[in-house]
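Notes to accompany the following structure.
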């Protein structure tokens, strides 16, 4: 059987004024990805699918984000905000090309899943003209109610127009719909604006379908999945739901979370097996963690690749461009950025390793700094395999430390060090016999010590 073709239209033209932000609403993040990115990721993809995003005027950033996530996305501008049906018809050109299934979603519902989109499409394959997504609301006040007769949806009644009995209905409209693509324009073009706001409401499609003698059905999902984001408080609620999902998925995949509610993950985090994460860890976007790795408490990791059996933290910060080989160790109060640390490297305490490559099995002593910035440009430090860098050393880039080289503690290294060489740079130590006793005596007499 040939797979059904689909067009997903994502409505993302809203101003989001209640967010109190200069950022378009759909570009706010949940689990380190934009609201829009979550919806576009869940939308059908692959052969026979197409995607349209309806944006508002002057929302080029939204168009750019859509194409970043889904290069196949085509954007359309809703010049005037005259209701949801009006927004859908902004993409008339895409609808007119003809598909089996037309899906209509909202760019501010980041919790919707690919599985729900698939369930919503299923009735269309069986002849339904429209399938509407609904949920059982804990508090239905303010939502449109689904009026059903048997298995059929006959109307969506807004709160203001609902009777006393209809207001008792807890099956509410999520706004997401699937419409038979071959009948979509015939339905949408019949929607009028004879209402107090003079707007074109997508919900009117249900009664138009009924008038035509066609079938509309309801597909139920959880209230969490169709949460719309209009305020920063709702954004925080969605974050909480998403984090709970991500934590559960991680643990089901074999990750040990010691205190799950204290760990914050990104939607794109990739875990191997037998990974352990201690309390109060933040994992930002672009992080991949291989088997057996342990992340200790209060570590913050972004755009980083961790090999197998790596140990991180506690109190470590791994910034973008960090890559750690198998068995590498990053200890407490260590920061890395744009750094490749090969297998077995140890940076156990109080160090900054930036714009650097560290060869396998090298040891970087406490307090070591790669001095990568000269006030104008960043420069690279290259440390060979099996090197030993003593504590409190400064490596002034650009500089190369050879394989097996030793750097004495307290050194400021400004020139390349050959393989197996020892480099030591510090002032000669001066010892004055009895000097401490004389100093104390002078201080107690209120006199300055002799030079």
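Heads up, the Cβ atoms here are built off N, Cα and C, so glycines get one too.
Predicted-model confidence for the region 'Pyrophosphorylase' (1-232) is 94, expressed as mean pLDDT. Annotation comment: Swiss-Prot describes 1-232 as region 'Pyrophosphorylase', evidence class sequence analysis.
Classification of residue 352 (UDP-N-acetyl-alpha-D-glucosamine binding site) by DSSP places it within a strand. Around the Cβ of residue 352 (UDP-N-acetyl-alpha-D-glucosamine binding site), 19 further Cβ atoms fall within 10 Å across all displayed protein chains. Residues or ranges marked as UDP-N-acetyl-alpha-D-glucosamine binding site by Swiss-Prot: 11-14, 25, 78, 83-84, 144, 158, 173, 230, 319, 337, 352, 363.
Residue 108 (Mg(2+) binding site) falls outside any helix or strand according to DSSP and counts as coil. Here Swiss-Prot flags 108, 230 as Mg(2+) binding site, drawing on sequence analysis.
Annotation comment: Swiss-Prot describes 233-253 as region 'Linker', evidence class sequence analysis. Beyond the ends of the region 'Linker' (233-253), by six or more residues, the same chain brings 19, 28, 30-31, 110-111, 224, 227, 260-261, 263-267, 269, 271, 273 to within a C-beta distance below 8 angstroms of the stretch.
The region 'N-acetyltransferase' feature in Swiss-Prot is assigned to 254-451.
For residue 349 (active site, proton acceptor), applying a Cβ distance below 8 Å and a minimum sequence separation of six or more within one chain yields 331, 332, 333, 334, 366, 367. Per Swiss-Prot, active site, proton acceptor is recorded for 349.
Other Cβ atoms within 10 Å of the Cβ of residue 409 (acetyl-CoA binding site) number 15 in total over all chains. DSSP classifies residue 409 (acetyl-CoA binding site) as coil under the three-state reduction. What Swiss-Prot records for 366, 372, 373, 409, 426 is acetyl-CoA binding site, and it gives sequence analysis as the kind of evidence.
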Neighbour count (Cβ, 10 Å) for residue 319 (UDP-N-acetyl-alpha-D-glucosamine binding site): 17
Assigned element (helix, strand, coil) containing residue 373 (acetyl-CoA binding site), judged by DSSP: strand
Spatially closest candidate among 13, 173, 352, 373, 426, the listed binding-site residues, to residue 230 (Mg(2+) binding site) (Cα to Cα): 13
Top Cα neighbour of residue 173 (UDP-N-acetyl-alpha-D-glucosamine binding site) in the set of binding-site residues 108, 372, 373, 409, 426: 108
Residue 319 (UDP-N-acetyl-alpha-D-glucosamine binding site) and residue 108 (Mg(2+) binding site), Cα-Cα, nearest whole angstrom: 29
Pairwise CA distance, residue 83 (UDP-N-acetyl-alpha-D-glucosamine binding site) versus residue 409 (acetyl-CoA binding site), rounded so that it is a whole Å: 69
